[in-house]
């Protein structure tokens, strides 16, 4: 059974704080192993990547077969059913349309002195996307990572995806193709991250690496950060559903379980102002847990980290949700827009009963790579912004320099940075000659 | 003498690559020490912070004196001269005006099915800013970090600034006041970062930490990343000046030196298509190095990392600059706008001879916290965007779910995520009843 909390209970605040700070994931400390792998790839390049792939993925490669050929991709993609292809195509189209609206605008303006100020956005030149292999090899994640990069204008987009025992997921390759990915390498783990960051004889380096992965991949991304940009390090994910008495308890139960089935350390929380709704949802979850394919995982998650919180009103629900800062927030209430206006921290909001979180995972359009583990307090989901960067622009005129140069000189002197001051003074003197 | 390179030399490419990959900074490995300090602050709170401050800053504090009182701030700020105050006020006003234009816009649109999609921006609730103590305690950095946070709408903005032996910099306090900072603590080092990230009895935790610091501060920021957001970890900074024959060599020399005087590991590079200009700039640098107050630092930087590159034309200059991806780029050429259009990677561009880089450090308006060590390939300078986060919005209608729900179900099934599929199917079934 999940935890039951009631805001009217005396020890509610302590219990809710405990719920928030429960550590849901123990990452094994693989940092030393990963440091060795990165060093190996940096010094020995292809040879190291090939050896490590043989060791971890039981796959013998050569420099020529590190990368999928066009023929191999075509043969694999041909295995995808028409229904799956149509679904992926619709998803790609909708994700592209949503992200196209995120392209930021350049700005340039002129001040009275004729000085011009502004900024300009440019895409990252080359990006690499890590795609997990095996069971968690999700074509939807390929779309969600690759499409924003291509919309941003990334010229060279490479994917690394391990293929243990040589088994590749045709849907992943099709998703890459639909997203416009330029290169696909059949490698994984810390060695793939190192190859993307530092390059090898056969794999040119990239400037930014995104995408989910296991503890080795996460540790490798942390280590190469600085040499290249990385996206967030994802933790176990969570859903929070706020429901009033009008919601459909069976739908909510499935939404909670669709989070729980991801991972034993996922967290599903229901906040409601209706005791009857709380009871009905819990009963529906129990019922579905009897038959669900992934009931072992979902059941463990619900048992260990699930929570049902009874509140006095929806304002209280919003305040508690803001303390959680959930990755996914569903508002299954009569007036979801009014409630959404009170939400200050959440990765994604799904408004109303007709918007199951699964729509956002696949096809709604918004990105499904979202801030986990309360990091929606300070970060955003993946977007086009992750693949562009801003260059600020400043162009002074003699009049502008005469207006603001003396103040810059004063500040430079007070910071004991003489050359800074002189660089302004030399120009001011030229104007006053 | 700095390195001289000529694109027409046979070994140019190898030499230029060596210049790019020169390691300019050896960070001491303080990670273990920092881990201990963070653990200490997490477990013992104020007591740990007070002990560490006594040890490192030779300053005895109590929980009541960790924070500057309003009276103390007023007394210190009163020491600032009128000229310095006026200069800081003008800088604050201009930085605020520039950053106000960065506030991103919310979007919400409706599809044919009535489905609504979009996103909303909200500020980080609480942010902490690290300000180094001692010589590198720069009031300009306070403005550059604090103003974007306040423009973004951060409600609670705290500063930590060590005051070794109890000595505080009045200009730093005035800058904090002008920027609207809410709390100022006289603590520093890894212990201050830990206090901001985890909170103590007297210091409430924040959600995001920005600002420069030494190796201990950088290691602490890396460690608390995830618990809170952080800005980039700054490396040694650099300037690249592209000059044609029309530039003023004395001004360029001072601009190169204003980077070199920061730090022995700073890098100043001149790229020019004029041998005469190269010679004149080098001579002017030598001349200024005879008298400059910080000639020891600036001279070492110029000697060890300075470079002059002779190119055939400005297109070649732009291409080389893009490989460097410099933090600061000055275009001292006849048509700086035309050249700027060819720049794809740079933190900030200063256009034309009237725009010394120092203007950007203090008063131009753009932020002076910029991506160093070639990271302009994938990241941007500090901005309002660092203190806001995006929540994506999706609201389906029955018609929308009927249009796109089946594809989501197909993808869920192909990813073996049954509950995801069922959460969509249950709603579709209700519509088809």
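Note that Cβ sites are derived from N, Cα and C of the backbone, with glycine treated the same way.
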Handout entry: Annotated companion of A:237, A:259, A:262, A:361, A:415, A:420 at the substrate site, TrEMBL, chosen from A:99, A:288, A:328
Key = A:328
Exercise for the section: Would you mind checking how many other C-beta atoms are within 10 angstroms of the C-beta on residue A:415 (substrate binding site)? Expected result: 21
Practice task
Measure the Cβ-based neighbour count of residue A:130 (NAD(+) binding site), defined as the other Cβ atoms within 10 Å of its Cβ.
Solution key: 26
Handout entry: Listed recorded positions (A:191, A:237, A:327, A:328, A:415, A:420) that sit near chain B [CB under 8 A]
Key = A:415, A:420
Exercise for the section: Return the member of A:259, A:262, A:328, A:415 nearest to residue A:130 (NAD(+) binding site) in space, with distance defined Cα to Cα and candidates limited to these binding-site residues. Expected result: A:262
Exercise for the section: Using the recorded NAD(+) site (A:130, A:191, A:214) as reference, state which further residues of the same chain have their Cβ within 8 Å of the centre of those residues' Cβ atoms, listed in sequence order. Expected result: A:132, A:160, A:162, A:188, A:189, A:190, A:192, A:193, A:213, A:216, A:217, A:220
Handout entry: residue A:420 (substrate binding site) to residue A:191 (NAD(+) binding site) - Cα separation in whole Å
Key = 45
Handout entry: residue A:361 (substrate binding site) to residue A:327 (active site, proton acceptor) - Cα separation in whole Å
Key = 12
